[in-house]
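Trainee: Starting off with a structure, shown below.
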There are 2 protein chains.
Amino acid sequence: MPQLALLYGRAWAALFGQLRRPPRAVCIQMVHSRSQVAEAVLTSQQKPHQEKSNFIIKTPKGTRDLSPQQMVVREKILDMVVSCFKRHGAKGLDTPAFELKEMLTEKYGEDSGLIYDLKDQGGELLSLRYDLTVPFARYLAMNKLKKMKRYHVGKVWRRESPTIVQGRYREFCQCDFDIAGQFDPMIPDAECLKIICEILSGLQLGDFLIKISWKDVRHEMVAKKGLAPEVADQIGDYVQCHGGVSLVEQMFQDPRLSQNKQALEGLGDLKLLFEYLTLFGIAEKISFDLSLARGLDYYTGVIYEAVLLQTPAQAEEEPLNVGSVAAGGRYDGLVGMFDPKGHKVPCVGLSIGVERIFSIVEQRMKTFGEKVRTTETQVFVATPQKNFLQERLKLIAELWDAGIKAELLYKNNPKLLTQLHYCENTGIPLVVIIGEQELKEGVIKLRLVASREEVAIKRENLVAEIQKRLSES
Amino acid sequence: MPQLALLYGRAWAALFGQLRRPPRAVCIQMVHSRSQVAEAVLTSQQKPHQEKSNFIIKTPKGTRDLSPQQMVVREKILDMVVSCFKRHGAKGLDTPAFELKEMLTEKYGEDSGLIYDLKDQGGELLSLRYDLTVPFARYLAMNKLKKMKRYHVGKVWRRESPTIVQGRYREFCQCDFDIAGQFDPMIPDAECLKIICEILSGLQLGDFLIKISWKDVRHEMVAKKGLAPEVADQIGDYVQCHGGVSLVEQMFQDPRLSQNKQALEGLGDLKLLFEYLTLFGIAEKISFDLSLARGLDYYTGVIYEAVLLQTPAQAEEEPLNVGSVAAGGRYDGLVGMFDPKGHKVPCVGLSIGVERIFSIVEQRMKTFGEKVRTTETQVFVATPQKNFLQERLKLIAELWDAGIKAELLYKNNPKLLTQLHYCENTGIPLVVIIGEQELKEGVIKLRLVASREEVAIKRENLVAEIQKRLSES
C-alpha cells in the first residue's frame, strides 16, 4: 500500500491541525419579522404585545455542516478509500438520493421504521435511501446486469436517535465496494476482506481485527433449526469461541456439525476462504466468531465487521467508543427480490464506516493541535503602494491564466503588513510584490513567506519562475 | 488556463466514447409476490384471479442513475470546475441535504412550491435543499461569520416538470462559488465573472457570452417606480439594447438616468465592473442586457447568466437547447434574513450548470463514438495453466500492496483467451502471465496488450519493472 503510505507521509502531517467545530446551534433574536419564518415561530412561542421572538438557527437534528477544516480531512480520507477501490478495478456508480418507497420495502427488517419518507406532494411515494446496497441491487435488476464491480460514495439517511459523541448521525457518508456475479466460491469474498485490510492499514488507525461469521452456520447452530436440542446446546459452545484457521478446522471435523449438510457446506467454504486470506497475507487479521450478528435482513453466507483494537495513540487520548469501522458480507438474494422471475445475482460487498474514521482522525488532530490549510493558494499578489489595484488585477489574471492558485485582498488600498499577515495566517508560501519602483524597472519582487527572503525577477519571467519554484517544492 | 487545457489534452480524447444510457425503466413481471411490494402494486392494478402482476422497477420521476460511463465524464468535469475554484482560493464546505423547513421559507418567491418536503414522522419539519446558496447564508449567520470564500459541490432537489431531453432533472448537481464579506466595490463581482470565463473556456464548450443585468437599474426602469411614465417609456428603449462598456457609458451620460439616484449608483458600479473585466481580459465576453431577469428572489445588484452561442460541433450534431450554463449575482440581503438583528453580510457568487454541461459533453461523445474506460486497472494477472489460482492470488496481492491497480478473473481455471479478451475489452494495458514454465525459471511474462509483445522478467524485479513502465507511459 505505498500509494496510501506515500500520501500519508506527504500530506498527513499537514492534516493534523486543530479542528474546531462551529457552534452547532446559535440562538438569535428576530427583529425584522420576516413574515412566514417569524410567523411559524410566533405561533409556537407567542408572547402578547411583543414583536421580537427567539428562534433557533440550526441544522436538523442528527445532521451537521462540515467546516472547511473538516472538508480537508474528509477529502483526504475519501481519496484514499476511493483509490483503493479503483486499485481493485471497481467502476463508479451514482443513484438518486431517494427511491420509490416500495423499492425499500421488506429489505431492512426491524430497521424499516428508521427510513425517511418524503411528504406526499402528489405523484410517487418516495423515501430517502437507507444504504447504498439496495439501490445497487435495484440498479442491477433494472438494467438486467449479471455482473458488475462498482464503488459508490454517497450520503445515506437514517432516523436514528443520534448520539453525537459516538459519531452517529442521521445523515452520513458511506463508501461501498461490491462485486456482483456468479463466480467460483470465495474469491470475491476474500478480495473484499483484503480491501478492508488495505484501507484500514493505509489510514494508519492502529491495530484492527475483522470478525467473521457465517449466517447459515450461525442460524443452524444458534436458532437450533433441525438440530436436536441437546446437540444444539453442545454446539453452542462454539459461539463462545473465536479464532482463525484452526478453529474452522476443529469445527469442520466435529461430527455434530458434519452431520448437518448446510452447516457443513458453510464450513467448507469458510475453510477455502481462509486459504485465500492466507495467500493474501491477511489471515492473522481475521477471526471467526459466531457471536457476531449483523442486523440487516438481506445478508446470506459470510458476514464481517472490522473493529479497531485501540485508538492510534491511546495513551495520550481520551477513550473513544468507535464501534465497527467497516462491515459487509454476502447477499445472494437481494437482486432477485427486484427481478420478475426471482433470478438471483450473487453479491458480496463492504462498507467503510468513514464517519467513525473521520471522528477518530479529528480527535487525533485535536490532541496533537496541528494546523491544517483549508485553501491551496500558492501565490499572493501584494503591493506596498496606494492606487495599485489595476496592476494587481492584471498580474493576478496572468497567474490564474497560467494555472497558478492565487489570491489578493479585495481592497483598493490595503496595507502591506495586512497583506503579509494574511499570507502567514493562511499558509500561502509565495508573495508577488509590485510597486512603483518595480513597475519602473520592469521587475517583480518575489517573497518567500517562510524565510522572508525577497528576490527581484524580470516581469516577463515571473510565471515561469513561479512554476519552477512550485514544481520543486 | 493551462491546467484545464493540459487535462483536456491528456484525458479528454479518451473521454469522448459512446455513452449509452441504461434503459430508464424496465417493466418486469412479479412472480414471487414479495408481500408489501406486490401488495402496493396489486392495489393499484388489481386483476381478479391472477397472482402475477406487472410492476415497474425504475428511479423516481425526474431522477436517474449515473452509469460508470457517465460517472467518468462527471468526475473529469467536476475536477476541472473544483480546481478552478481552488485556484481562486476557495475553501470547501458541505451542508446537510435537508434543512429545517422554516430556513427555506420566503427565499424563493414563486418557486417555493417546487421545494420537496419530508413527511412529518415526528420531530422537526424538514425540506430538501433547493439550492446551495440559502444553506451557505444560513451557515454564515449561524456561525456569525462576516466573510468567507467557499465552494460547494452537491445535489439539490426541485419538483419541476422534468423535460429530460433538455437536461433538466428533479435531482441535479450544483457547483457553487461565493464570496461573502464587505469589500471594496466590484472586485469580488469581477472575480466571479472571471471564474465563469475560465471554466467555460477550459471545458472547450464553444463560444459563449455572459449577459449582465442590474436588478436595481432594471427595477427603476422596467417597474417604472419613481419615474414619470413618459420617462420610463423613453428609458425602456435600453431594455432592447445590449452591449459592453460603450452602452454603459451612453446610459451613464443620459440625463434621464442620471437624475435617478439609485439608477445612477448602479450605473457607476457597472462602469467600474467593466474596468475590472477589461483588466482581467474578459470584457468582450460580457454583454450588458436589461432584458435578463433571473427568477430567484434573493438577488440584489448585478446578476448574470452565461449562454453558449453554439454547440461545439454544431454542423455535425442535432441542435440541443442547453439554456444557460452558468449563472449568479449579488445577494446582499440573504444572510441578514437569518440574523437576529438583520445584520447584513454582502455576498456575490456563481453556480455552474454542470448537468447541462454533462448533456453537451455526452451528446458530443455520442456523435464522435469514442470509447471511455470506466476502470483504471493497469495490470491483469493471467495464467495459461489449470490449478494456478494460488499463484495468481499471491501475485496480485503483491501488486496491490505495491499500489498497482490490478485485476484477475474470479475463476479457478479460466481460459487464457478469455483473460486476454477481457484486457482488450476493458483497455488494461499490461498483462502479467504466470505458468508452470515461468514458475520453474523464476520469471514472469509481461505482455503489452497494444503491441502483443511479451518479455520475460525476473520474478523479484516484477513490481519495479511494472512501476517503471507505468511511470513512463
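Easy rule for this one: first residue shown is 1, then count along the chain.
Using N, Cα and C of the backbone, Cβ positions are placed for all residues, glycine too.
Feature list, courtesy of TrEMBL:
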{"type": "BINDING", "residues": "A:ASP131, A:LEU132, A:THR133, A:ARG158, A:GLN174, A:ASP178, A:ARG294, A:TYR298, A:TYR299", "note": "L-histidine binding site"}
{"type": "DOMAIN", "residues": "A:62-384", "note": "domain 'Aminoacyl-transfer RNA synthetases class-II family profile'"}
Trainee: Most Cβ neighbours within 10 Å: which of the binding-site residues A:THR133, A:GLN174 is it?
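Mentor: By the 10 Å Cβ neighbour count, A:THR133 comes out on top.
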Trainee: How many other Cβ atoms sit within 10 Å of the Cβ of A:ASP131 (L-histidine binding site)?
Mentor: 21
Trainee: Helix, strand or coil at A:TYR299 (L-histidine binding site), per DSSP?
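Mentor: A:TYR299 (L-histidine binding site) sits in coil per DSSP, no helix or strand.
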Trainee: State the count of C-beta atoms found within 10 angstroms of the C-beta of A:TYR299 (L-histidine binding site), not counting that atom itself.
Mentor: 22
